[in-house]
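What Swiss-Prot annotates here:
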BINDING   Thr10, Gly11, Ser12, Ile13, Gly36, Asn38, Asn124, Glu126, Gly205  NADPH binding site
BINDING   Lys125, Ser151, Glu152, Ser176, His199, Ser212, Asn217, Lys218, Glu221  1-deoxy-D-xylulose 5-phosphate binding site
BINDING   Asp150, Glu152, Glu221  Mn(2+) binding site
Amino acid sequence: MKKISILGSTGSIGTQTLDIVTDHPDKFQVVGLATGNNIQLLSEQIRQFRPQIVAINNESQLEDLKSLISDLDYTPIILAGKEGVIEVARYGDSESVVTGIVGCAGLLPTIAAITAGKDIALANKETLIAGGPVVLPLVEKHRVKLLPADSEHSAIFQCLQGVPTGGLKKIILTASGGAFRDLPVEKLPQVTVADALKHPNWSMGRKITIDSATLMNKGLEVIEAHYLFGVDYNAIDIVIHPQSIIHSLIELQDTSVLAQLGWPDMRLPLLYALSWPERIYTDWEPLNLVKAGSLTFKEPDHQKYPCMGLAYAAGRAGGAMPAVLNAANEQAVALFLEEKISFLDIPRVIEKVCDRFAIHNTSTPSLDDILAADNWARQEVSNCLIANPV
């Protein structure tokens, strides 16, 4: 029985992780839950899974949460604020922490979990994108496992099992192409928030769905793959695969190509991250190749997806530049979701912020440097819009 804590328990990653726990009560026990604002769903999760410790990031909702569970026959530890989330991350009884918090907000709790000796099921890619130079040495120092829990990096990780050192030649990340994969470039200026949120294959949160539409999600995954697998950016490719059946591939030195296939279902990579190196039986629908039909591929259009090139450039620049890219993207996507900028403004804003940061970048940033760069980039997005409206 593995004891786990879940950061972001009411979001897409968190609820699907809890589905896994429900399906496998003999394998996993929830000891900690943390979320941002959704106290109604959190209270229901507390009733069902009876964690030992919970946290709500929004401190103003603490008393309301306590009231919602006041009739329980047990009393979990209930905390609030960023420090409360960090306490859940490093809570003593948990063996593994699922990091499902969206964005750079997941960085400090993940670091707290690592320094407390917890294995990490990494569903928060921003942890490595922004904090890779700091996080990876901590993983090595504290001898914990950092296991990818998103579909693409889990696919790569699975394909690499048994590949000898030096055998890997190239990583190939597959992308659905997002909501606008079949839309002509000239029609992008007219797209709305509602249009961008219509992902053709995956059910995900709002922010990551927009990232999929811009292909920034895949660009961020390139940076994450670089850190996770130690592969040069020149050896990481992106290919559009509309069916989302092949979750990613690796090419070996002898030109053999290995791939991991399955229906688009986030539960599979989450389960593997929690159960590795075991393979746990499930009654989920297996992939039927005949039902899936044809699998198609095409090169991504760099004119249509400029965010992809911005991510490669930030990754190659290194230092704190990926943190700046990530923060600028988070802010730009939030503004788009609020209908304050257009869809095409997202890459324009990001490029401006990254260009302005270039002279400030350092090759070996500390955690404080990374956090400062993150804060700077968020403010700079506002400055860009005030000084030079996009």
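Cβ from N, Cα, C; glycine included.
Each of Lys125, Pro148, Ser151, His153, Ser154, Leu173, Asn217, Lys218, Glu224, Ala225, Ser248 belongs to the same chain as Asp150, Glu152, Glu221, is absent from that list, and has a C-beta within 8 angstroms of the C-beta centroid marking the Mn(2+) site. The sparsest Cβ neighbourhood within 10 Å, among the listed binding-site residues (Asp150, Glu152, Glu221), is found at Asp150. Rounded to the nearest whole angstrom, the C-alpha distance between Asn124 (NADPH binding site) and Asn217 (1-deoxy-D-xylulose 5-phosphate binding site) is 12. Of the candidate binding-site residues, Lys125, Asp150, Glu152, Asn217, Glu221, the one lying closest to Ser12 (NADPH binding site) when CA atoms are compared is Asp150.
Comparing Gly36 (NADPH binding site) with Lys125 (1-deoxy-D-xylulose 5-phosphate binding site), their Cα atoms are 18 Å apart once rounded. The 10 Å shell around the Cβ of Ser12 (NADPH binding site) contains 19 further Cβ atoms across the protein chains shown. The separation of Gly205 (NADPH binding site) from Asp150 (Mn(2+) binding site), Cα to Cα, is 13 Å. The number of other CB atoms found within 10 A of the CB of Lys125 (1-deoxy-D-xylulose 5-phosphate binding site), across every protein chain shown, is 28. Within 10 Å of the C-beta atom of Gly36 (NADPH binding site) sit 20 other C-beta atoms, taking all shown protein chains into account. Annotation for Thr10 (NADPH binding site): spatial neighbours Thr35, Gly36, Asn38, Leu41, Leu42, Gln45, criterion Cβ-Cβ under 8 Å with sequence separation of six or more. Packing around Asn217 (1-deoxy-D-xylulose 5-phosphate binding site) is summarised by its Cβ count: 26 other Cβ atoms lie within 10 angstroms of its Cβ, all protein chains included. Rounded to a whole number, the distance between the Cα atoms of Gly205 (NADPH binding site) and Lys125 (1-deoxy-D-xylulose 5-phosphate binding site) is 14 Å. Glu221 (1-deoxy-D-xylulose 5-phosphate binding site) sits 16 Å from Gly205 (NADPH binding site), taking the C-alpha atoms as the reference points. Counting every protein chain shown, the number of other Cβ atoms lying within 10 Å of the Cβ of Asn124 (NADPH binding site) is 27.
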